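**Q** Pulled the feature table from TrEMBL, pasting it below:
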ACT_SITE  B:Ser534  active site, phosphoserine intermediate
BINDING   B:24-31, B:103-107, B:158-161  GTP binding site
BINDING   B:Gly460, B:Leu461, B:Ser462, B:Gly463, B:Ala464, B:Gly465, B:Lys466, B:Thr467  ATP binding site
DOMAIN    B:15-228  domain 'Tr-type G'
Amino acid sequence: MLPKHLRRLEAESIEIMRDVVAEFERPVMLYSIGKDSSVMLHIAIKAFYPAKLPFPLLHIDTTWKFREMISFRDATAKRLGLDLIVHINKEGIARGINPIDSGSALHTQVMKTDALKQALDLHGFDAAFGGARRDEERSRAKERILSFRSAGHVWDPRNQRPELWSLFNTRIRQGETMRVFAMSNWTELDVWEYIMLEKIPVVPLYFAKRRPTLRRNGATIMIDDERLPLNCGETPEMRMIRFRTLGCYPLSGAIESDAMAIEDIVAEMQTATVSERQGRLIDVDEAASMEKKKREGYF
Amino acid sequence: MFVKPATEAVPARTKDQLRFITCGSVDDGKSTLIGRLLHDSKMIYHDQLMVLERDSIKHGSAGNDIDFALLVDGLEAEREQGITIDVAYRFFTTPRRSFMVADTPGHEQYTRNMATGASHAQLAIILIDARKGVMVQTRRHSFICSLLGIRHVVLAVNKIDLVAYNKECFDRITRDYLAFAVGLGFTSIVPIPISARYGDNVVDRSAHANWYEGPCLLEHLETIDIPSGTAGQAFRFPVQWVNRPNPDFRGYAGTVASGRISAGDEIVVAASGRTTRIKRIVTHDGDLVGAEAGYAVTITLEDEIDIGRGDILSRPDDRPKVADQFAAYVIWMDEEPLAPGRNYVLRIGSQTIIGSITVIRHRIDVNTCEHLAAGMLSLNEIAFCDVATAMPAVFDPYDLNRKTGSFIFIDRYTNRTVGAGMIAFPLRRDNNIVRQALSVDRRERAALKNQKPCVIWFTGLSGAGKTTIANLVDQKLCGMSRHTMLLDGDTLRHGLNADLGFSETDRVENIRRVGEVAKLMADSGLIVICSFISPSRAERDRVRGLVGKEEFIEVFVDTPIEECVRRDPKGLYSKVKSGQIKNFTGIDSCYEAPTTPEIHLRTMEQTLEHSAEAVVDVLMARINS
């Protein structure tokens, strides 16, 4: 039996998902393979049981995800019999966009934000579930659970629909879409406690292990394949590390940790002194940078 | 009135969440208080603190100290202007409880944001500047919290350091507040002297205000007992989604809004009056014996009865209200004012219904609680109104049930959420009339006549040719052995509507009665042909909503006004000309042409015969499909 606060959060997320499925024509769940996506997927399966998931999953593949993420994704889709769509921005590939030469900002814009918009338009999805939480970052703290996007996927933070009680305004016109953050009110700790109690599989990269790494710009980067060029003076080193958030491997900072089981992670979380976004190299430019990216359509 | 906090520690299994709102104006130190709570409860991480220190130098207003307000004022514009303009949600956890804080602005022009935050909260922290005491804004904040159903208040007398930790000052403010809050229905009011900037009595006890013997703020938030209460109330289960994975399973997915239920219990579908029993309570983790408020489950029933999204299941002896008119408190949230009579989309639980405000009984001044007369409602104004819906709505008074007593208004054209409402009570005398399910239903009646019922609604100017075409349609259908009935304006005005004139309200009532009669006739299995000028789009849409769009065909008989005047079959236009008739549609009263009628007949371009055939063709296609 879950503790009260987790039961409440789970029920709240289920209620949101059911509402969206009842009201929208073509919902989709954005699946990033991370811990939040794993929880979101687990809750969705509960929400619609005994029916199968009434929507497909969409993964935006930047081609720079950790290899373990991709194998976990494919194994999960197979294990649960999911309808999984993988989308890659071919145009970006053709232009040779990558996180190392193009820089993190351009890579993220082209391979994540643009790719996501392409995929939503291509399939005509009118609502997209995302696993973002309000505690992650301060521009998220003000975002609605049902977050309206005008045609072109633009978010206008100053003109959001008021959201009272659990009465969601699901009405949109042709070309407009909704992003749905069913886990808005979860915290990072809630997510880990829930994973522990519900025994939800997650990518092994969340657990500490000796892995080949580099120190770069103050961050610890894991060498996941041969595409990461060594700068002058850099030497690969084996370190006991794990990740708090996962993304493109050259942009994900690891933390040194001995937490090899979920119980250890929860214990580590309770004494953590840095936020989970600290490891994300795409956020560091300026505190408000996430708001800028979100307005342009980033999840 | 005061609550003495319990002190025993809470076991992890029963750890729960408290959702609260902070109310205060810009200078009351609200954001600073939240920043302080997060910081002192060790919820601010190192890297966030570093960003904060950097931002404090750039934007801060706390001199060389860290400006905690910057932690919570998220959006760029707010940091630049130094104010909070939206609702932000913050989270923190202590070993005893987890917390969600709705941080909302306090200015009068942000009443809608505050109401939004309050709709998610169980408790309110009302901040008062110790130097200023109870102010107009304190009253406003308290009134809105009370209206939104918050029953527990912390009166945080902030900046106590700036009055030298003076006890008399604190006591006076407490006395003033208690005197004013008497009528607001709060169950607990706990006054605490604090300094958000220096942390006195926020997380740790103040060393300076040692005369204060009550709990510090965090301790109070951790220990206050707010019974969710809803599990002990009447059972309500709004159906969100019908789960039908295969022909053998039909479940109703939803979250128990209040009360509890067990497998085998008898339930009733409030709107239709049908009863049956709960067969199973299905979840992914296995079937449950019973479910209570807050459980998201899927229910299966013993009998196959017609249930869809928006239906509410309850126990037969304790049903929700079913009515198409009710009184409600309404908060307006849009720049475009609320106009009585205008139709909006109402979302009441999982029901979506067209409705309008018929009367604004009075507006309430949020600063003084005074009742004022009002013809319309502007942004951030609150009023007590009568609401009418096109279909009966199922609800409870908001006081008894926040889940089934709340609703929002959505503009039908812009899709914006333009207002929020809290239902007070159903109108009309049929309070005690429980809808009885009839044992012969409309399908059986129609089947006897070997046809599908339908309402064909002719609208257009006087003299456009409505009744002539309607007559032809009627003849054709009779020739095809269809069972029909023709209703027209003149005939009904001689009988059922003899008491009505041509004023705006009488016209609305005229069409309402016709709609009801047409619906009853359609229910009896007839094809009902209606011929009415019906100039108001809203009224026609209301009939469409009443009948159901599958069985409603709107026919726009489109004849230019010049041609109608030329024909003048009843001599009415010449009477208008000579001043004997006033408020005549098309002349000195507006006709709102349908924007998307099922059939658009341009009488200048086609013969009456062709027009009638076109109508019959559409009808046949509809009822044979």
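For all residues, glycine too, the Cβ spot is worked out from N, Cα and C.
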**Q** On the three-state reduction of DSSP, what should I expect for B:Gly24 (GTP binding site)?
**A** coil
**Q** Can you check what DSSP calls B:Thr467 (ATP binding site), collapsed to helix, strand or coil?
**A** helix
**Q** Taking 8 Å from the centroid of the Cβ atoms of B:Gly460, B:Leu461, B:Ser462, B:Gly463, B:Ala464, B:Gly465, B:Lys466, B:Thr467 as the cut-off, which other residues in that chain fall inside it around the ATP site?
**A** B:Phe458, B:Ile533, B:Val557, B:Thr559, B:Cys564
**Q** Measure from the CA atom of B:Ser534 (active site, phosphoserine intermediate) to the CA atom of B:Ser462 (ATP binding site) and give the result in Å, rounded to a whole number.
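**A** Given the Cα positions, B:Ser462 (ATP binding site) is 10 Å from B:Ser534 (active site, phosphoserine intermediate).
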**Q** In whole Å, how far is B:Ala464 (ATP binding site) from B:Gly24 (GTP binding site) when you measure between their Cα atoms?
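**A** Taking the Cα atoms only, B:Gly24 (GTP binding site) lies 61 Å from B:Ala464 (ATP binding site).
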**Q** Within 10 Å of the Cβ of B:Gly460 (ATP binding site), how many other Cβ atoms are there?
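**A** There are 28 such Cβ atoms around B:Gly460 (ATP binding site).
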**Q** Using Cβ atoms only, which residues of the same chain lie under 8 Å from B:Leu461 (ATP binding site) while being at least 6 residues apart in sequence?
**A** B:Ile533, B:Thr559, B:Ile561, B:Cys564, B:Thr585, B:Gly586, B:Tyr591
**Q** Near B:Lys30 (GTP binding site), how many other Cβ atoms are within 10 Å of its Cβ?
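**A** Cβ-Cβ neighbours of B:Lys30 (GTP binding site) within 10 Å number 26.
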**Q** Which of the three DSSP states, helix, strand or coil, fits B:Ser462 (ATP binding site)?
**A** coil
**Q** Given the binding-site residues B:Lys30, B:Gly460, B:Gly463, B:Gly465, B:Lys466, B:Thr467, which lie close to B:Ser534 (active site, phosphoserine intermediate), meaning Cα to Cα within 10 A?
**A** B:Gly460
